[in-house]
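S.K.: My structure is below; once you've seen it, I'll send some questions.
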Amino acid sequence: MVILTLKYFAGPEVPRYVFLTVGYTWFCSISIISLVPADIWTTIIGQFNGGISFFWSWSYWSTFLLTWLVVPLIQGYEDAGDFTMKERLKTSIHVNLVFYLIVGSIGLFGFILLIIMDKIRIRDILGLAMACSNTFGLVTGAFLLGFGLSEIPKSIWRNADWTTRQKVLSHKIAKMAVKLDDAHKELSNTIVIAQATSKQMSKRDPLRPLMDVIDNMLVQMFKEDPSFKPQGGRLGENDMDYDTDEKSMATLRRHLRQAREEYYRCKSEYLTCVTQALELEDTIKNYERRNTTGWKFVSSFRSERTGTFGPFLDTIELVWRCILWNQLKKVFAIILGCMSVAILLAEATLLLGGVDLSLFSVLIKSVGNEEVVVQVFAFVPLMYMCVCTYYSLFKVGMLMFYSLTPRRTSSVSLLMICSMVARYAPPISYNFLNLINLGVGKETIFEARMGNIDKAVPFFGQGFNRIYPLIMVIYTILVASNFFNRIISFFGNWKIFRLQTEADDVDGFDPSGLLILQKERMWLEQGRKVGEHVIPLARNFNGVSMDLESGDNDTDRRTVEMKVASDLSKEDIKGSSSKPLKDEVSRYAGSKEAMSSKYAAMREQKKLTSNTKPVENIAAAKVSLLDAGNSQSSNNSGVPSGLASKWASMKAGFQTFKTNIEAKKFLPLRQVEDTKLLSRVSSSESLDEIFQKLKRPAAGHGHSSDDDVDGLDSRVSGPRR
C-alpha cells in the first residue's frame, strides 16, 4: 500500500533517497496502526507477547527519530537552492538548528519547572518525554478528527448527486484555470529573470559556472516539455540583483525550481478537474440516452469496444457508472455517518466510568475468543479515525504548507506530509485505545510504553485524557451544524479564517468554469488534448476585472491583474442548490445583456494582452520574452488617455453582471455539439482568430460581435438536465 501510494503521488523528479525515506516513514506509521488490534487481542487473553513489544519499540522510535531529526534535515536539504551538497547541508542544518533551539529551550524550561514543583521524578523523564511528544498530536488530532467525522460522510453524499457534482466541478475548473494562469505567469517571469541575469553576466564572471547550471535547468525543462510556451514575462525593480553572490544565485535557482513545480502541479490539478467534469457529462448523457444506445456506454475519451465481449463490457460499464455507483456512494455515506456517530458517542461517554457505551468495545467483547473477528472490529474503526484525521490534516496543510497532487507532488511536500503522518499515528492509536474498555487492571503494551497524558500535562489535573474527547465531540457537533460558518458569515470580514469545503460551491454554476469546459469539450471532439490551450482560454473566458496600477514615471510600467468572476459569484450567490436545474436555465435566459457586457469587457482586455507572443524554444525565449517586456513597457506610455472610457464601460458592465448574478441567474452545464459560432471555427484556427471574429462581423452573415456573443449565449443557455 505504501509503495503504490508513493508511486501515485510522487513527482517525476523525486530522488530515490527521498522516496525511500518517505516510504519507510509511512511504513512505520502504518505499522503502529496495524499493531493496535494485535495488542488488544493479547491483552484480552492475558498473554504478554514479546514480539509485539519489540515491534512497538521499533516502530515508535523509528517514527520519532524520522519525524524530529531525519525528515526535517532532508526536507531542508531538498528545499535549499545551493549548488553543492555541502552548502545545501549547511543551509538545512542552520534552518533546523534555529527551530530546535527555540523548541528545546521551551521544553527544558518546562522540565525544570515540573521538577522544581515536585510533579515528576528523574526516572519518569523518559515516559514523560514520550507522553509530551504526543500531547500536541492528541489535542490537535481531536479537532482534526472531529472535522473529518463530519465532513467525509457529507462530502460523499453530496457527490452522489450529479447536479451538485457539476456545480462543484464548475467552480473548481474556474479556480484552477486562474491558478494555472498565475503559475504560468510566475514561471514565465522567473525564466525572463534567469535569462536576463545570464545575458548580463560575462563569461569571465566568477559566478558564471553557477549561472550555467541554471541555464542547463532551462534547457532541460524545454526539452522535457516542448509544449510549454512562456508568455508575458516581465522584469521588476529588484529582479536583476541575483548576480551579487553565491547565495543570491542559490535563491534564483530555488525560485525557478519552485515556480516550475507549482506550474506543473496546477496543470495536473486542472486536467484532473476537467477530465472529471467531462466524464460526468458522458455519464449523464449515457444515462439519458440509454434506451437509444441499447444500454451501451459511449465515452468521449476512447473508441467503441470491439470483439466478442465488447458490447457486454459497454453494458456493464453503463450499469456501473450510471446506476450502481451513485447508489453505492449513498450507502457508503450512510455507513460512514453511523460510524461517526458511534465514535462520537464513545468519546462523549468516557467520563462515565461505570458505563461502557462504546459500540466498538461492546462488539469486541461480544465475539469472545475469535481472534480474527476481534482484530477486524478493532482495525476498521481505527483506520476510519486515521482517514478522518489525515483528511482534515491534508485540507489544512494544502491551504498553507504543502500540496498533494497525483504524480506531481514535490520532494519537500512529500517529506512534510510524511512527517505529519508519522506525528499523528501514535496519538490516534492512543485515542482509540481509550474507547476500548478491556476490563479493570488490563493495560495494553502500547499504553504502558507510551505513558499517560495525565503525566504529560499534570497542571491540567487528573483525567485530562477523558475530558479532551468531550471537547472534540462538542466541536464536531458545531461543525456538522455549520455553526462556525454562520458566525464567520455574520461578521463577514472573518472569511479568511474559514476552511473552504465543497459545500461552498453548490450554490450555483460558475459561468467561467462552464465556458472553459465547453471549449475543452470542443477541442476534445476535434482530436486535441485536454488542457492544450488552457492558458489563453483562462485569460479570455474568465469573468475578469482589471486593476490598473500606475508605477514609477521613470520605469513607466503598467500591470493588469485578472481576477475571476467566480470569487464574485461565490460571495453573492446563495441558496440555489435545492431548486431544479431547469428553473436555473429559465432564470439565466434573460441575462444576455449582462453577458454581452461581460464579453465586451473581455474583448477590450484582449487588445491589451495581445502583444505578447508564444515562444517556441529556448533560444526564442531568450530574445522574445525580453523584447516583449521592453516593447510593452514602451507602448504603455499612451494607455491612460484611452483607458478611462474603457474602464468606465467595463465597470458598468460588471455591475450589470453582478446584478444578474445576485438575481440567481445561472448557466446550465451542457454539451454544445454544433453551435452557429463554433461551426465557423476550424480546427486549425488559433484562439486569437476566434476573438478577432468575435470583435468584427463575420463574412457572409452580417452579425455584429455582440450578436455573435448573444448567439453563443442563447445556445449555451439551452435546456438540459
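From the backbone N, Cα and C atoms, a Cβ is placed for every residue, glycine too.
Sharing the record's features from TrEMBL:
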- 694-721: region 'Disordered' (REGION)
- 17-38: transmembrane segment (TRANSMEM)
- 58-77: transmembrane segment (TRANSMEM)
- 97-116: transmembrane segment (TRANSMEM)
- 128-149: transmembrane segment (TRANSMEM)
- 331-352: transmembrane segment (TRANSMEM)
- 372-393: transmembrane segment (TRANSMEM)
- 467-488: transmembrane segment (TRANSMEM)
S.K.: Could you name the stretch, out of 17-38, 58-77, 331-352, 467-488, with the greatest number of CB pairs under 8 A to the transmembrane segment (372-393)?
M.R.: 17-38
S.K.: So if I exclude everything within five residues of the ends of the transmembrane segment (58-77), which remaining residues of that chain have a CB under 8 angstroms from its CBs? That is, six or more out.
M.R.: 17-18, 21, 24-25, 28-29, 31-32, 35, 88-89, 91-93, 95-96, 99, 130, 133, 411-412, 415-416, 418-419, 422-423, 425-426, 449-450
S.K.: Please indicate, using numbers and ranges, the residues of the same chain that are 6 or more beyond the transmembrane segment (331-352) and have a C-beta under 8 Å from a C-beta there.
M.R.: 149-150, 152-154, 156-157, 160, 358-361, 381, 384-385, 388, 434-435, 463, 466-467, 469-470, 472-473, 476-477
S.K.: Taking a Cβ cut-off under 8 Å, which residues six or more beyond the ends of the transmembrane segment (17-38) line up next to it in the same chain?
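M.R.: Sequence-distant neighbours of the transmembrane segment (17-38): 1-3, 5-6, 10, 49, 52, 55-56, 58-60, 62-63, 66-67, 70-71, 74, 78, 374-376, 378-379, 382-383, 386, 411, 414-415, 417-419, 421-422, 425-426, 428-429, 432-433, 444, 446.
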